[in-house]
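Each remark here refers to the structure printed beneath this line.
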Amino acid sequence: MSDFDKNRNTQSQTQATHQQATLDLSIALLERPSVTPDDDGCQDILSERLTQAGFDCEFMYYGDRQAKGEHAEVKNLWARRGNTNPVICFAGHTDVVPTGDEKNWTYPPFTPTIADGYLWARGAADMKTGIAAFTVAAERFVANHPEHNGSIAFLITSDEEGPSINGTVKVVETLEARNEKITYCLVGEPSSTDTLGDIIKNGRRGSLGAVLTVTGKQGHVAYPHLASNPIHAAMSALAELTNATWDNGNDYFPATSLQISNINSGTGATNVIPETLEAVFNFRFSTETSEDELKAKTHAIFDRYFADSKAAYDIHWKLSGQPFLTPEGKLVSACQQAIKSVTGTDTTLSTSGGTSDGRFIAPTGAQVVELGVRNATIHQVDEKVEVDDLGKLAQIYEGILENLLLD
């Protein structure tokens, strides 16, 4: 047998071993109906595994145990092996989105099912298999390299699919207060599109939301001079807002975009001018524009149109995350090399998509990259992931650890 055939045979055996271990742990996690913000015991499973691998595990609870909704208590897991730098941290979430009507699923969403080459379950792609893959990768890595350089950590929350106020952001605040720094962060979100590893996210756009309230004066449609129509007052300003050019983007980010997602007004009667209008819009912005610049330009537009209006406007702003970017460097290179070694793919860097918990970690100075399974079915009925990708992903993750923590 040639050296090439020996290497290929060894790689196939490694993938098979990783695949079964990752599949088994994935199923154990997927059986838990951990609809946000309920972890439902997933982190206990991980803590037990990681403790056996030499990790110090710490549960962090934030929020009100008696509350419901966005202020409910959230369980988070911080696990670390090693006390030196660099620190490579895997960030993930055990919570999942609701299933919708389970009758629409081919297989029960919390009964993991293998069929047609896929593992079907809520959370299969987003993102319990990613957590399982990195856990297996870390176990194998520390078993083979017990004296490795640096440290390996896990930051796992059950508040990523919800309001994200008592999860990763609070854990990061605690770590910062302890001067416990993350050097490299690998977020296990499903980044791949057509094939495993074809895309990794080395940044994300910022997200700035706004709720516009326009207040006029209610009246009869036949007597507009006795009323002030908030719809008419808002229309021109909103039109200019949607047609404005905020920036031209750059090599890493597309131009900043704005989308109006909701407009609501009216009294239910066809002959009444309403008193108020509410509009909801969102900016996805690049590093070429700041939060303050977007707010200032928006207010300038509305101030101009409302200067001579009897109506008044107010905007309530909510920043969900600043844009962040990890330039090509050690972490990006480690990911690209590991992907190439396992799949033969030349990966593409991207900053597209929505926000992730990476937005809370990047401001600490950490390099942040998102790498996970394909995202074709996330948040959908019949969410699924290719079984063959599980072992490959674990092997990629292990390769990243080797690239960063071995001399």
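Backbone N, Cα and C atoms are what each Cβ position is placed from, and that goes for glycine too.
For reference, Swiss-Prot has these:
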- H93, D126, E189: Zn(2+) 1 binding site (BINDING)
- D95: active site (ACT_SITE)
- D126, E161, H379: Zn(2+) 2 binding site (BINDING)
- E160: active site, proton acceptor (ACT_SITE)
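Known features from Swiss-Prot, placed on the structure.
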residue : record                       : DSSP (3 states)
H93     : Zn(2+) 1 binding site        : strand
D126    : Zn(2+) 1 binding site        : helix
E160    : active site, proton acceptor : coil
E189    : Zn(2+) 1 binding site        : coil
H379    : Zn(2+) 2 binding site        : coil
Zn(2+) 1 site shell beyond H93, D126, E189, criterion: Cβ within 8 Å of Cβ centroid: G92, M127, G130, E160, E161, V187, G188, P190, S356, G372, I378
Binding-site residues: H93, H379 - member with fewest neighbouring CB atoms within 10 Å: H379
C-beta crowding around E160 (active site, proton acceptor), within 10 angstroms: 27
Neighbours of the residue listed as 'active site, proton acceptor' among the binding-site residues H93, E189, H379 (Cα to Cα, within 10 Å): H93
Cα-nearest neighbour of D95 (active site) within the listed binding-site residues, D126, E161, E189, H379: E161
Cα within 10 Å of H379 (Zn(2+) 2 binding site) - qualifying binding-site residues among H93, D126, E189: D126
E161 (Zn(2+) 2 binding site) to E189 (Zn(2+) 1 binding site) - Cα separation in whole Å: 12
Proximal but sequence-remote residues of the same chain as D126 (Zn(2+) 1 binding site) (Cβ under 8 Å, at least 6 apart): V96, V97, E189, P190, N375, I378, H379, E383
